[in-house]
Amino acid sequence: MLHKNDIIETEISDISHEGMGIAKVDGFVFFVENALPGEIIKMRVLKLRKRIGYGKVEEYLTTSPHRNEGLDYTYLRTGIADLGHLTYEQQLLFKQKQVADNLYKIAHISDVLVEPTLGMTIPLAYRNKAQVPVRRVDGQLETGFFRKNSHTLVSIEDYLIQEKEIDALINFTRDLLRKFDVKPYDEEQQSGLIRNLVVRRGHYTGQLMLVLVTTRPKIFRIDQMIEKLVSAFPSVVSIMQNINDRNSNVIFGKEFRTLYGSDTIEDQMLGNTYAISAQSFYQVNTEMAEKLYQKAIDFSDLNSEDIVIDAYSGIGTIGLSVAKQVKHVYGVEVVEKAVSDAKENATRNGITNSTYVADSAENAMAKWLKEGIKPTVIMVDPPRKGLTESFVYSAAQTKADKITYISCNSATMARDIKLFEELGYHLVKIQPVDLFPMTHHVECVALLVKA
């Protein structure tokens with residue numbers, strides 16, 4: 001009979017989709033952080049629930065040849081790099097297998113080759129966006145990340161996967177906040193001023209945006225702080241304030257104020273220029289997002305007569321990337337601000353053959369069908385929850401020749417592909433792309449054709 005705090009010797013037999021080691025002991029399946037298949041460990045039992053348990057490595061008796069020995073385990077404990085203890089070559093194989101397993105288990109597809117994961121040459125310092133909490137640690141204002149499953153801040157200076165200038169701006173701002181004696185947010189007391197720092201950087205332009213998330217409007221001596229920030233970082237073109245006075249884990253409140261410069265930065269994606277606001281959805285790994293979108297374009301095999309529906313269109317990055325190759329792009333996005341951004345981005349890039357509407361994807365699809373718009377290609381890039389059933393049915397009713405599906409969750413994608421196959425489409429290609437090295441997340445693009 002197992003009990004909490006028992007220490008047992010066991011072998012790790014597998015790895016979960018979230019990068020946890022899996023061990024099977026006395027009928028329990030244990031999940032163990034920082035443990036890899038093939039490793040023999042002494043494990044402390046932390047928690048037992050029915051037939052599921054959680055364990056902690058007390059000692060490694062053998063280690064995997066695929067272990068990344070150079071990783072600072074702070075990045076594991078905070079979740080910044082929950083797959084960082086695995087060598088990068090093995091991370092890419094893990095992600096390929098994850099996609100293949102979901103296709104087989106959920107969609108019952110085993111006859112379509114899942115291509116090797118497209119990876120980065122240098123899988124570090126790639127994120128163009130950072131969101132870091134500000135708290136008091138040992139009497140001093142600190143920035144960093146929360147320890148996993150807690151609100152205990154771990155102080156960090158090098159965030160491993162963020163672009164280095166973003167790290168530098170965060171650390172400089174932290175030091176300024178200390179110098180000007182700005183009080184960090186205290187969740188328990190619901191006191192303090194500064195809750196979070198959010199930084200965005202244009203990968204190609206180098207433009208920087210800093211957002212100060214505060215509990216109230218007034219920031220004492222903010223003009224002096226801004227002067228020092230822009231003097232030290234000439235690439236800062238936007239300093240924003242967001243006011244969030246709610247007792248909530250949501251980072252942004254409703255009110256934004258422009259403290260310096262513009263309320264957007266600019267960047268390029270596949271030759272187009274985009275304005276990016278604090279709230280814009282914009283892929284955090286520009287280099288690999290371009291490869292992902294280019295793969296989607298290649299899969300779609302577009303021509304000048306194609307009519308494309310861009311569902312979940314965001315600020316237009318996918319649809320506007322193909323607009324110059326096709327007859328017309330119809331984009332739909334539920335967030336109204338993103339739709340207005342997409343229209344402005346079309347104008348910014350001289351694109352006149354695109355239409356963007358604010359609506360649910362399934363509603364817009366039904367309206368376009370009634371108007372006699374017949375897409376030849378539907379491109380979708382939904383959130384992690386995937387497509388709604390009603391959208392899949394609406395998409396199938398258009399009888400579009402191709403569905404190009406970009407996914408950030410291969411499990412919900414597999415579920416949706418299963419339904420598309422029942423409605424007369426056939427999966428022909430699927431390509432995983434590593435937009436999030438050192439983490440368990442994987443993007444992929446799949447092509448379905450009308451049978």
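In case you wondered, yes, glycine gets a Cβ from its N, Cα and C as well.
Residue density at C408 (active site, nucleophile): 19 other Cβ atoms are found within 10 A of its Cβ, drawing on all protein chains shown. DSSP assigns C408 (active site, nucleophile) to coil in the three-state reduction, outside any helix or strand. Swiss-Prot lists C408 with the feature active site, nucleophile.
The S-adenosyl-L-methionine binding site annotation in Swiss-Prot covers Q283, Y312, E333, D381 and rests on sequence analysis. Around E333 (S-adenosyl-L-methionine binding site), the same-chain residues six or more apart in sequence whose CB sits under 8 Å from its CB are Y312, S313, G314, V339, A342, Y356, V357, A358, listed in sequence order. Annotation note: E333 (S-adenosyl-L-methionine binding site) sits in a strand segment as assigned by DSSP.
Residues or ranges marked as domain 'TRAM' in Swiss-Prot (evidence: sequence analysis): 1-59. According to DSSP, the domain 'TRAM' (1-59) comprises 0 helix, 35 strand, 24 coil.
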Please give the greatest C-alpha separation between any two of the S-adenosyl-L-methionine-binding residues Q283, Y312, E333, D381, in angstrom, as a whole number.
-> 16
Taking the Cα atoms as reference points, how far is D381 (S-adenosyl-L-methionine binding site) from C408 (active site, nucleophile) in Å?
-> 8
Set of same-chain residues at least 6 away whose C-beta sits under 8 angstroms from Q283 (S-adenosyl-L-methionine binding site) | M269, A289, L292, T317, L435
When you measure from the Cβ of Y312 (S-adenosyl-L-methionine binding site), how many other Cβ atoms are you left with inside 10 Å?
-> 22
Per DSSP, Q283 (S-adenosyl-L-methionine binding site) is which: helix, strand or coil?
-> coil
Can you list, in sequence order, the residues of the same chain other than Q283, Y312, E333, D381 whose CB lies within 8 Å of the CB centroid of the S-adenosyl-L-methionine site?
-> F281, S313, G314, T317, I318, P382, I406
